[in-house]
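What Swiss-Prot says about this one:
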type	residues	note
BINDING	27-31, H92, R125, 176-180, 207-212	ATP binding site
DOMAIN	24-254	domain 'Phosphagen kinase C-terminal'
MOD_RES	R29	phosphoarginine
MOD_RES	R40	phosphoarginine
MOD_RES	R86	phosphoarginine
MOD_RES	R190	phosphoarginine
MOD_RES	R255	phosphoarginine
MOD_RES	R269	phosphoarginine
MOD_RES	R272	phosphoarginine
MOD_RES	R346	phosphoarginine
Amino acid sequence: MSLKHFIQDALSSWMKQKGPESDIVLSSRIRLARNFEHIRFPTRYSNEEASSIIQQFEDQFSEQEIPGIGKFVLIRMNDAQPLEKRVLVEKHLISPNLTESPFGGCLLSENEEVSVMLNEEDHIRIQCLFPGFQLLEAMKAANQVDDWIEEKVDYAFNEQRGYLTSCPTNVGTGLRASVMMHLPALVLTRQINRIIPAINQLGLVVRGIYGEGSEAVGNIFQISNQITLGKSEQDIVEDLNSVAAQLIEQERSAREAIYQTSKIELEDRVYRSYGVLSNCRMIESKETAKCLSDVRLGIDLGIIKGLSSNILNELMILTQPGFLQQYSGGALRPNERDIRRAALIRERLHLEMNGKRQEDESI
(Lines of atoms letter the chains of each structure in order from A and count residues from 1; the text may use other names and numbers.)
(Lines give C-alpha, C1' and ligand atoms only; values in the text may rest on other atoms or scores of the structure.)
Protein backbone atom coordinates (compact mmCIF):
# COMPACT_ATOMS: atom_id res chain seq x y z
CA MET A 1 0.00 0.00 0.00
CA SER A 2 1.56 3.30 -1.10
CA LEU A 3 0.78 7.02 -1.15
CA LYS A 4 -0.96 6.51 -4.51
CA HIS A 5 -3.61 4.38 -2.76
CA PHE A 6 -4.65 7.40 -0.66
CA ILE A 7 -4.71 10.06 -3.38
CA GLN A 8 -6.32 8.26 -6.33
CA ASP A 9 -9.92 8.26 -4.99
CA ALA A 10 -11.77 11.40 -3.93
CA LEU A 11 -13.91 9.45 -1.46
CA SER A 12 -12.32 7.64 1.44
CA SER A 13 -14.02 4.28 1.93
CA TRP A 14 -15.58 5.53 5.20
CA MET A 15 -17.18 8.42 3.25
CA LYS A 16 -18.97 5.97 0.96
CA GLN A 17 -20.97 4.70 3.94
CA LYS A 18 -24.12 6.43 5.17
CA GLY A 19 -23.90 7.26 8.84
CA PRO A 20 -26.71 8.31 11.21
CA GLU A 21 -28.24 11.75 10.42
CA SER A 22 -25.97 11.94 7.36
CA ASP A 23 -28.29 14.39 5.58
CA ILE A 24 -27.08 17.01 8.10
CA VAL A 25 -23.97 15.62 9.82
CA LEU A 26 -21.38 14.82 7.16
CA SER A 27 -18.77 13.45 9.57
CA SER A 28 -17.76 13.09 13.21
CA ARG A 29 -14.12 13.48 14.23
CA ILE A 30 -12.09 12.80 17.36
CA ARG A 31 -8.52 14.09 17.64
CA LEU A 32 -6.13 13.29 20.50
CA ALA A 33 -2.90 15.28 21.03
CA ARG A 34 -0.02 13.33 22.61
CA ASN A 35 3.73 13.84 23.12
CA PHE A 36 6.73 11.68 23.95
CA GLU A 37 7.78 12.01 27.58
CA HIS A 38 11.53 12.43 27.01
CA ILE A 39 11.54 14.47 23.79
CA ARG A 40 11.15 18.25 23.71
CA PHE A 41 8.01 19.70 22.14
CA PRO A 42 8.09 20.39 18.36
CA THR A 43 8.62 24.12 19.01
CA ARG A 44 12.00 23.30 20.61
CA TYR A 45 13.14 19.84 19.55
CA SER A 46 16.20 19.12 17.39
CA ASN A 47 16.16 17.61 13.90
CA GLU A 48 17.56 14.41 15.40
CA GLU A 49 14.69 14.20 17.91
CA ALA A 50 12.10 14.83 15.19
CA SER A 51 13.68 12.19 12.99
CA SER A 52 13.73 9.66 15.85
CA ILE A 53 9.93 9.97 16.24
CA ILE A 54 9.32 9.15 12.58
CA GLN A 55 11.82 6.29 12.74
CA GLN A 56 10.18 4.76 15.81
CA PHE A 57 6.77 4.81 14.11
CA GLU A 58 8.22 3.31 10.95
CA ASP A 59 9.89 0.51 12.94
CA GLN A 60 7.09 -0.27 15.40
CA PHE A 61 3.77 0.74 13.84
CA SER A 62 4.00 0.86 10.03
CA GLU A 63 2.52 -2.24 8.34
CA GLN A 64 1.04 -3.28 11.71
CA GLU A 65 -2.65 -4.00 12.22
CA ILE A 66 -5.27 -3.14 14.85
CA PRO A 67 -8.17 -5.62 15.02
CA GLY A 68 -11.35 -4.01 13.68
CA ILE A 69 -9.46 -1.02 12.24
CA GLY A 70 -6.98 -2.56 9.83
CA LYS A 71 -3.40 -2.19 8.69
CA PHE A 72 -1.45 1.07 8.82
CA VAL A 73 1.12 2.54 6.46
CA LEU A 74 3.53 5.41 7.14
CA ILE A 75 3.80 8.32 4.71
CA ARG A 76 6.68 10.77 5.15
CA MET A 77 5.87 14.33 4.11
CA ASN A 78 9.23 14.81 2.41
CA ASP A 79 8.44 11.82 0.15
CA ALA A 80 5.22 13.46 -1.10
CA GLN A 81 4.92 16.08 -3.85
CA PRO A 82 3.20 19.42 -2.99
CA LEU A 83 0.09 18.42 -4.99
CA GLU A 84 -0.09 15.05 -3.26
CA LYS A 85 0.09 16.70 0.16
CA ARG A 86 -2.64 19.13 -0.86
CA VAL A 87 -4.90 16.23 -1.82
CA LEU A 88 -4.38 14.64 1.61
CA VAL A 89 -5.42 17.97 3.21
CA GLU A 90 -8.50 18.24 0.98
CA LYS A 91 -9.52 14.71 2.01
CA HIS A 92 -9.14 15.79 5.68
CA LEU A 93 -6.50 13.10 6.26
CA ILE A 94 -3.82 15.57 7.38
CA SER A 95 -3.72 19.21 8.49
CA PRO A 96 -2.27 22.08 6.42
CA ASN A 97 0.35 22.53 9.19
CA LEU A 98 1.69 19.02 8.71
CA THR A 99 2.50 19.65 5.03
CA GLU A 100 5.01 22.31 6.12
CA SER A 101 6.78 20.11 8.68
CA PRO A 102 10.20 18.98 7.31
CA PHE A 103 10.05 15.88 9.53
CA GLY A 104 6.29 15.40 9.27
CA GLY A 105 4.71 12.03 8.73
CA CYS A 106 1.35 10.32 8.83
CA LEU A 107 0.35 6.81 9.79
CA LEU A 108 -2.81 6.03 7.80
CA SER A 109 -5.25 3.14 8.09
CA GLU A 110 -6.18 1.43 4.84
CA ASN A 111 -9.78 2.69 4.91
CA GLU A 112 -8.59 6.23 5.84
CA GLU A 113 -10.78 6.23 8.95
CA VAL A 114 -7.74 6.74 11.19
CA SER A 115 -4.73 8.98 10.64
CA VAL A 116 -1.91 9.54 13.12
CA MET A 117 -0.07 12.76 12.31
CA LEU A 118 3.55 12.94 13.46
CA ASN A 119 5.63 16.04 14.19
CA GLU A 120 2.81 18.50 13.63
CA GLU A 121 2.07 20.94 16.51
CA ASP A 122 2.52 17.93 18.82
CA HIS A 123 4.60 14.78 18.38
CA ILE A 124 1.47 12.67 17.85
CA ARG A 125 -2.05 13.61 16.77
CA ILE A 126 -4.49 10.73 16.49
CA GLN A 127 -7.51 11.45 14.28
CA CYS A 128 -10.58 9.24 13.77
CA LEU A 129 -13.19 10.20 11.16
CA PHE A 130 -16.59 8.51 10.97
CA PRO A 131 -19.50 9.16 8.56
CA GLY A 132 -22.58 10.90 9.95
CA PHE A 133 -23.30 11.51 13.62
CA GLN A 134 -21.02 8.98 15.37
CA LEU A 135 -18.96 10.84 17.96
CA LEU A 136 -19.10 8.03 20.51
CA GLU A 137 -17.99 5.45 17.93
CA ALA A 138 -15.13 7.72 16.80
CA MET A 139 -14.10 8.20 20.44
CA LYS A 140 -14.01 4.44 20.97
CA ALA A 141 -11.76 3.97 17.90
CA ALA A 142 -9.46 6.85 18.97
CA ASN A 143 -9.03 5.30 22.43
CA GLN A 144 -8.20 1.96 20.82
CA VAL A 145 -5.46 3.56 18.67
CA ASP A 146 -4.24 5.59 21.67
CA ASP A 147 -3.87 2.43 23.78
CA TRP A 148 -2.09 0.66 20.90
CA ILE A 149 0.50 3.43 20.63
CA GLU A 150 0.89 3.80 24.41
CA GLU A 151 2.00 0.16 24.64
CA LYS A 152 5.28 1.27 23.03
CA VAL A 153 5.47 5.03 23.71
CA ASP A 154 5.79 6.79 27.08
CA TYR A 155 3.49 9.83 26.94
CA ALA A 156 4.18 13.21 28.56
CA PHE A 157 1.60 13.15 31.37
CA ASN A 158 1.16 15.09 34.61
CA GLU A 159 -1.08 13.86 37.44
CA GLN A 160 -2.56 17.34 38.03
CA ARG A 161 -2.73 18.66 34.46
CA GLY A 162 -3.21 15.53 32.38
CA TYR A 163 -1.60 15.12 28.94
CA LEU A 164 1.02 17.81 28.23
CA THR A 165 0.85 19.52 24.83
CA SER A 166 2.68 22.22 22.86
CA CYS A 167 -0.29 24.59 23.05
CA PRO A 168 -1.76 25.24 26.53
CA THR A 169 -5.31 25.10 25.10
CA ASN A 170 -4.88 21.35 24.46
CA VAL A 171 -3.48 20.45 27.91
CA GLY A 172 -5.59 18.01 29.93
CA THR A 173 -7.43 15.45 27.84
CA GLY A 174 -5.70 16.60 24.64
CA LEU A 175 -9.09 15.96 23.04
CA ARG A 176 -10.74 17.81 20.18
CA ALA A 177 -14.14 16.44 19.23
CA SER A 178 -15.90 17.90 16.19
CA VAL A 179 -18.81 17.40 13.83
CA MET A 180 -19.01 18.68 10.27
CA MET A 181 -22.56 19.85 9.58
CA HIS A 182 -24.45 21.02 6.49
CA LEU A 183 -26.76 23.80 7.71
CA PRO A 184 -28.21 25.54 4.61
CA ALA A 185 -31.68 26.22 6.07
CA LEU A 186 -30.26 27.90 9.20
CA VAL A 187 -28.14 30.09 6.89
CA LEU A 188 -31.07 30.90 4.55
CA THR A 189 -33.31 31.87 7.49
CA ARG A 190 -30.38 33.74 9.12
CA GLN A 191 -30.91 31.86 12.36
CA ILE A 192 -27.24 30.89 12.18
CA ASN A 193 -26.31 34.49 13.12
CA ARG A 194 -27.74 34.07 16.62
CA ILE A 195 -26.90 30.37 16.96
CA ILE A 196 -23.11 30.74 16.52
CA PRO A 197 -22.66 33.23 19.44
CA ALA A 198 -24.85 30.97 21.62
CA ILE A 199 -22.67 27.95 20.75
CA ASN A 200 -19.52 29.95 21.58
CA GLN A 201 -20.92 30.75 25.03
CA LEU A 202 -21.17 27.01 25.72
CA GLY A 203 -17.40 26.61 25.30
CA LEU A 204 -17.66 25.33 21.74
CA VAL A 205 -16.24 26.92 18.61
CA VAL A 206 -17.64 27.13 15.06
CA ARG A 207 -15.25 27.07 12.09
CA GLY A 208 -15.21 26.38 8.37
CA ILE A 209 -14.70 23.07 6.60
CA TYR A 210 -10.89 23.02 6.97
CA GLY A 211 -10.80 24.07 10.63
CA GLU A 212 -9.21 27.08 12.25
CA GLY A 213 -9.14 30.20 10.07
CA SER A 214 -11.16 28.63 7.26
CA GLU A 215 -14.42 29.95 5.83
CA ALA A 216 -17.75 28.09 6.06
CA VAL A 217 -18.14 27.65 2.28
CA GLY A 218 -21.07 25.64 1.01
CA ASN A 219 -22.94 26.14 4.31
CA ILE A 220 -20.69 23.53 5.95
CA PHE A 221 -19.67 24.25 9.54
CA GLN A 222 -17.29 22.46 11.87
CA ILE A 223 -18.36 22.59 15.53
CA SER A 224 -15.83 21.52 18.16
CA ASN A 225 -14.97 21.78 21.84
CA GLN A 226 -12.64 24.52 23.07
CA ILE A 227 -12.01 23.32 26.63
CA THR A 228 -9.72 20.32 27.24
CA LEU A 229 -8.78 20.90 30.89
CA GLY A 230 -11.03 20.27 33.90
CA LYS A 231 -13.52 18.07 32.02
CA SER A 232 -13.44 14.37 31.30
CA GLU A 233 -13.31 13.02 27.75
CA GLN A 234 -16.81 11.65 28.22
CA ASP A 235 -18.20 15.04 29.34
CA ILE A 236 -16.56 16.84 26.39
CA VAL A 237 -18.03 14.39 23.87
CA GLU A 238 -21.47 14.35 25.53
CA ASP A 239 -21.64 18.18 25.58
CA LEU A 240 -20.86 18.35 21.86
CA ASN A 241 -23.25 15.48 21.18
CA SER A 242 -26.05 17.39 22.92
CA VAL A 243 -25.42 20.65 21.01
CA ALA A 244 -25.14 18.82 17.67
CA ALA A 245 -28.44 17.00 18.35
CA GLN A 246 -30.14 20.36 18.98
CA LEU A 247 -28.65 21.79 15.77
CA ILE A 248 -29.95 18.80 13.80
CA GLU A 249 -33.43 19.47 15.17
CA GLN A 250 -33.23 23.21 14.40
CA GLU A 251 -31.96 22.59 10.87
CA ARG A 252 -34.76 20.09 10.19
CA SER A 253 -37.37 22.58 11.48
CA ALA A 254 -35.90 25.36 9.34
CA ARG A 255 -35.92 23.11 6.25
CA GLU A 256 -39.55 22.19 6.86
CA ALA A 257 -40.52 25.85 7.36
CA ILE A 258 -38.81 26.96 4.12
CA TYR A 259 -40.38 24.07 2.20
CA GLN A 260 -43.86 24.90 3.51
CA THR A 261 -43.71 28.70 3.12
CA SER A 262 -41.41 29.21 0.11
CA LYS A 263 -41.59 25.98 -1.89
CA ILE A 264 -41.44 27.55 -5.37
CA GLU A 265 -38.54 29.86 -4.42
CA LEU A 266 -36.68 26.91 -2.88
CA GLU A 267 -37.26 24.67 -5.90
CA ASP A 268 -36.13 27.50 -8.17
CA ARG A 269 -32.91 27.92 -6.17
CA VAL A 270 -32.22 24.17 -6.17
CA TYR A 271 -32.87 23.68 -9.89
CA ARG A 272 -30.92 26.81 -10.87
CA SER A 273 -27.89 25.45 -9.00
CA TYR A 274 -28.39 22.02 -10.55
CA GLY A 275 -28.63 23.71 -13.96
CA VAL A 276 -25.37 25.58 -13.36
CA LEU A 277 -23.53 22.41 -12.32
CA SER A 278 -24.99 20.37 -15.21
CA ASN A 279 -24.21 22.92 -17.92
CA CYS A 280 -21.42 25.27 -16.81
CA ARG A 281 -18.26 25.56 -18.89
CA MET A 282 -16.22 27.40 -16.21
CA ILE A 283 -16.84 27.49 -12.45
CA GLU A 284 -14.84 28.63 -9.41
CA SER A 285 -14.57 26.50 -6.26
CA LYS A 286 -16.65 28.89 -4.12
CA GLU A 287 -19.57 28.88 -6.58
CA THR A 288 -19.24 25.10 -6.86
CA ALA A 289 -19.58 24.77 -3.07
CA LYS A 290 -22.67 27.02 -3.05
CA CYS A 291 -24.35 25.06 -5.88
CA LEU A 292 -23.47 21.68 -4.34
CA SER A 293 -25.04 22.86 -1.07
CA ASP A 294 -28.28 23.83 -2.85
CA VAL A 295 -28.43 20.53 -4.75
CA ARG A 296 -27.70 18.53 -1.59
CA LEU A 297 -30.60 20.31 0.12
CA GLY A 298 -32.80 19.51 -2.89
CA ILE A 299 -31.90 15.81 -2.67
CA ASP A 300 -32.52 15.70 1.09
CA LEU A 301 -35.97 17.31 0.66
CA GLY A 302 -36.92 15.04 -2.25
CA ILE A 303 -36.97 17.91 -4.78
CA ILE A 304 -34.28 16.25 -6.90
CA LYS A 305 -34.66 12.51 -7.45
CA GLY A 306 -32.29 9.98 -8.98
CA LEU A 307 -29.15 11.60 -7.62
CA SER A 308 -27.23 10.23 -4.64
CA SER A 309 -25.78 12.52 -1.98
CA ASN A 310 -22.63 10.36 -2.28
CA ILE A 311 -21.90 11.95 -5.65
CA LEU A 312 -21.95 15.34 -3.92
CA ASN A 313 -19.52 14.10 -1.26
CA GLU A 314 -17.24 13.01 -4.08
CA LEU A 315 -17.56 16.30 -5.97
CA MET A 316 -16.84 18.27 -2.78
CA ILE A 317 -13.35 16.72 -2.75
CA LEU A 318 -12.84 16.14 -6.48
CA THR A 319 -13.37 19.82 -7.35
CA GLN A 320 -10.85 21.18 -4.82
CA PRO A 321 -7.76 22.74 -6.47
CA GLY A 322 -5.29 20.06 -5.33
CA PHE A 323 -7.34 17.02 -6.29
CA LEU A 324 -8.42 18.64 -9.54
CA GLN A 325 -4.78 19.12 -10.59
CA GLN A 326 -3.75 15.67 -9.38
CA TYR A 327 -6.66 14.18 -11.36
CA SER A 328 -5.64 16.19 -14.44
CA GLY A 329 -2.03 15.05 -14.23
CA GLY A 330 -0.28 18.28 -13.24
CA ALA A 331 -0.41 21.95 -12.30
CA LEU A 332 -3.16 24.10 -13.85
CA ARG A 333 -3.58 27.87 -14.02
CA PRO A 334 -6.69 29.24 -12.19
CA ASN A 335 -8.78 29.60 -15.37
CA GLU A 336 -7.72 26.11 -16.54
CA ARG A 337 -8.82 24.76 -13.15
CA ASP A 338 -12.23 26.43 -13.55
CA ILE A 339 -12.68 24.88 -17.03
CA ARG A 340 -11.53 21.43 -15.87
CA ARG A 341 -13.74 21.64 -12.75
CA ALA A 342 -16.82 22.42 -14.86
CA ALA A 343 -16.11 19.54 -17.26
CA LEU A 344 -15.57 17.12 -14.39
CA ILE A 345 -18.84 18.10 -12.68
CA ARG A 346 -20.81 17.75 -15.93
CA GLU A 347 -19.28 14.33 -16.62
CA ARG A 348 -19.99 12.98 -13.13
CA LEU A 349 -23.58 14.32 -12.97
CA HIS A 350 -24.47 13.02 -16.42
CA LEU A 351 -22.85 9.66 -15.66
CA GLU A 352 -24.82 9.40 -12.40
CA MET A 353 -28.15 10.35 -13.99
CA ASN A 354 -27.64 8.03 -16.99
CA GLY A 355 -26.74 5.18 -14.64
CA LYS A 356 -29.91 5.80 -12.63
CA ARG A 357 -32.03 5.98 -15.80
CA GLN A 358 -30.68 2.64 -17.07
CA GLU A 359 -31.28 1.11 -13.63
CA ASP A 360 -34.92 2.30 -13.68
CA GLU A 361 -35.46 0.97 -17.22
CA SER A 362 -34.15 -2.48 -16.28
CA ILE A 363 -36.62 -2.82 -13.39
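The backbone N, Cα and C atoms fix where each Cβ goes, glycine too.
Sequence features annotated in Swiss-Prot and their locations in the structure.
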| residue | record | CB count, 10 Å |
| --- | --- | --- |
| S27 | ATP binding site | 23 |
| R29 | phosphoarginine | 21 |
| R40 | phosphoarginine | 15 |
| R86 | phosphoarginine | 22 |
| R125 | ATP binding site | 26 |
| S178 | ATP binding site | 24 |
| R255 | phosphoarginine | 22 |
| R269 | phosphoarginine | 20 |
| R272 | phosphoarginine | 12 |
| R346 | phosphoarginine | 16 |
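Taking Cα separation as the measure, R207 (ATP binding site) is nearest to R29 of the modified residues R29, R40, R272, R346. The recorded positions R190, R207 differ in how many other CB atoms lie within 10 Å of their CB, and the one with the most is R207.
Of R190, R269, R272, all annotated as modified residues, the residue with the shortest Cα distance to S27 (ATP binding site) is R190.
For R29 (phosphoarginine), the spatially nearest entry among the recorded positions R125, R190, R255, R269, R346 is R125, judged by CA separation. R346 (phosphoarginine) and S178 (ATP binding site) have their C-alpha atoms 32 Å apart, to the nearest angstrom.
For S178 (ATP binding site), the nearest neighbour among the modified residues R40, R255, R272, judged by Cα separation, is R255. Neighbour list (I30 (ATP binding site), Cβ cut-off 8 Å, at least 6 residues apart, same chain): I126, Q127, C128, L135, A138, M139, A141, A142, L175, R176, A177, V237. Mean pLDDT across the domain 'Phosphagen kinase C-terminal' (24-254) comes to 93 in this model. When the recorded positions R40, R125, R255, R269 are ranked by how far their Cα is from the Cα of R86 (phosphoarginine), R125 comes first. Across the fold, the C-alpha of R269 (phosphoarginine) and the C-alpha of R255 (phosphoarginine) stand 14 Å from each other. Of R40, R125, R255, R272, all annotated as recorded positions, the residue with the shortest Cα distance to R190 (phosphoarginine) is R255. Of all the recorded positions in the record (R125, R255, R272), the one with the smallest CA separation from R40 (phosphoarginine) is R125.
Secondary structure at I30 (ATP binding site), taken from DSSP and collapsed to helix, strand or coil, is strand. The secondary structure of R40 (phosphoarginine), as reduced to three states from DSSP, is coil rather than helix or strand.
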